[in-house]
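Annotation source TrEMBL lists active site, charge relay system at D149, H218, S551. Taken from TrEMBL, the feature domain 'Inhibitor I9' covers 28-113. The domain 'Peptidase S8/S53' annotation in TrEMBL covers 140-588. Annotation comment: TrEMBL describes 396-466 as domain 'PA'. Look at TrEMBL and you will find 663-761 tagged as domain 'Subtilisin-like protease fibronectin type-III'. The annotation signal peptide is assigned in TrEMBL to 1-24.
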Amino acid sequence: MARSISHVLFLLLICILLQDHIQALKQSYIVYLGSHSLGPNPSSAVLESVTNSHYDLLGSYVGSIEKAKEAIFYSYNRYINGFAAVLDEDEAANVAKNPNVISVFLNKERKLHTTHSWNFLGLERKGVFPPHSLWSKTEGEDVIIANIDTGVWPESKSFSDEGFGPIPKRWRGICQKGGHFKCNRKLIGARFFYKGYEASVGKKLNVSMLSARDNEGHGSHTLSTAGGSVVPGANIFGFGNGTARGGSPKARVATYKACWAEGCFDADIFAAFEAAISDGVDVISMSLGSDNPPEFSESAISIGSFHAVAHGITIMASAGNSGPVPGSVSNNEPWTLTVGASTMDRDFFSYVVLGNNKILKGASLSEFSLPSNKKYPLISSAEALTKSASSSDGPFCLNNTLDAGKVKGKILLCLRGINGRVEKGMVAASLGAVGMIVANDQLTGNEIISDSHVLPATHVNYESGRYIYSYINTTKSPMAYISRPKTELGMKPAPVMAAFSSRGPNLLDQGILKPDITAPGVNIIAAYSELSDSTASKQPITPYNMLSGTSMSCPHVAGVVGLLKALHPNWSPAAIKSAIITSATTKDNSGRRIRTSAQNESTPFDLGGGHIRPNHAADPGLVYDLNTTDYLNYLCGRGYNSSQLKLFYSRPYTCPKSFSLADFNYPTITIPRIKYGHSVNVSRTVTNVGSPSLYRVHIEAPPKVAVWVEPTKLKFEKKGEKKEFRVSFTLKSKTDNTTDSVYGSLTWTDHKHRVRSPIVVNFNPL
């Protein structure tokens, strides 16, 4: 009898384990059915009928409409047709077989990638607008700029509506309630999306968190950089004091919170795109992306951004912070403007004085300082490891690897990498260190970044770091002192490409150059959350903070786009993108080619068309334009069939019988592969957006490559006129190539305008 009971209990346990296993297979998916043509103001009855159709469809696979309602957490029922639901693998696979379903893909996680930067970009000089400044023509009046991010801190002065008139009548958005969040005539809209996060993470957010309020600081920083109001006296701990403003300070702004502490999830991003399209925004800044970008047909970002561009919205996306690794760039869609990050001519320096009186320059924004003229014992983290710590973790100052007895009362030397720079300082401070030095490795080279550390600290370059390590290893009692930071302006050379900025080539399509452009993204001061995680890390609350990343450079370009949209309201997203790329510069403020942090000359894989020049972008002369049909043809050229195209376009579309990706009218020219004895031919069409003029071509041919252009002159009689030209590329000789790629440029000039397109020729594609 006892044996029989044991047998029953054993079977019951097996059933429970199997049930848990089955439940564990449930994941959140996005089911995509195409797109709608419901118009800008569909009735609630129409929207409800679309949602009911989603319940009906899923109900036939999960057993009932009631179960479908439980499973579906988003019904995309305005511009995007589909839903997000929690399903097991079999249910998802069966739904994917439905003839009305175009695609089913997992709800994947994506990561989040001031006062002086606009001066550096030439929009102002000593507080006034020069006559040639774009700000003297417009400050982005009534353009609507949105971000998809962590929300905003609505009480920030950067979102003050003082001096703003009524909200534009074309605005269709809302200010979603929650967290005592209030909008105004500046911050005109706010929404938050969290169901994809909950479905993926498997836990509910606290009710107090359900609002568009920014608890991280990231979203406030990016949106205020793009469209923040004018705020005199903005600074961080007294450093960088000046007038903060966004690129389009008189624009209206809206936030779409789709990112939470653990990340940003596709289902929420997709919902944010649909809402932004419906609400009527003009510009979207999106400082997030994937470390391994999927094919466009499998990406909510790609599909959502395509729909936005098809509705006339210009999309900016950060290139990512995985540089300088080749091929690390993300957000590779040809319809988005992908932004890398570079420095500007302001920095915040702090000096290390060693016991031998050697002085080394570092960077810091720490408000904490050591008593002057007093040196402290200096130790490297490798010398302070606990007995249980791995030697491979030695240089990095990782948590739970260092012996407090060895660190206390000393300045700790940490190698950059693995954990964050500020996090290293938190580890050091928790162990009683009086200060910290962060040293670069060879890969990060000369790039030093000013951070708001929690103790006296500074960040030194690779050579200085090598010297300090050598000093420690050859000195019986090494000592050091760290000075208080000071602001320095007029730094040369600037800009320099940031080491963290993700690099090309574009691994999804090596025929499309990415990133497209670079902009200031290092040591950027902008609005911040006053309930950020900094309180938990012992950092004081500050309404403005300094951050670095392509997340910071992306909204700089969004701010410029807002100005161009106000000045040229009829320009397409592609025309705006072309104007920015072809008017960019590849020179720094010392007149040399922009360099990387390792002091190498930059290439188009680092900076795309170059460093943004807002005033030149306002009057580019010629643009390379594209429309929705061109983007569909591009997808056709990538092998997409009619069924796949339904992901991107609401109506049936038949691919042309022949379409060459080489002729896609992108404002840059990239040859994915070239062989000796075979010419590669491309064509482009330019549209005149200036006065009647005669343009002549100037070619800077890549090494070993002969380039011919036909015709060599383009005469335009009127604005809006289009002219086609053809370019032929041929290898000059059959030799072994010592490099994977070579670079040049094609420039059309009428002596007033220089319309420059970088050229990349790949010998050995990745």
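Quick reminder: no glycine exception, Cβ is built from N, Cα and C everywhere.
Structure coloured by features recorded in TrEMBL.
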residue	record	Cβ within 10 Å
D149	active site, charge relay system	28
H218	active site, charge relay system	27
S551	active site, charge relay system	29
Query raised in the report: Cα of H218 (active site, charge relay system) to Cα of S551 (active site, charge relay system): how many Å, rounded?
Result: 8
Query - Cα-Cα distance linking D149 (active site, charge relay system) and S551 (active site, charge relay system), given in Å to the nearest integer - result: 10
Report summary line: Whole-number mean pLDDT, the domain 'PA' (396-466), equals 94
Report summary line: Using DSSP three-state counts, the residues of the domain 'PA' (396-466) come to 20 helix, 17 strand, 34 coil
Query raised in the report: Would you list the DSSP helix, strand and coil counts for the residues of the domain 'Inhibitor I9' (28-113)?
Result: 34 helix, 30 strand, 22 coil
Query raised in the report: What are the helix, strand and coil residue counts for the domain 'Subtilisin-like protease fibronectin type-III' (663-761) according to DSSP?
Result: 1 helix, 57 strand, 41 coil
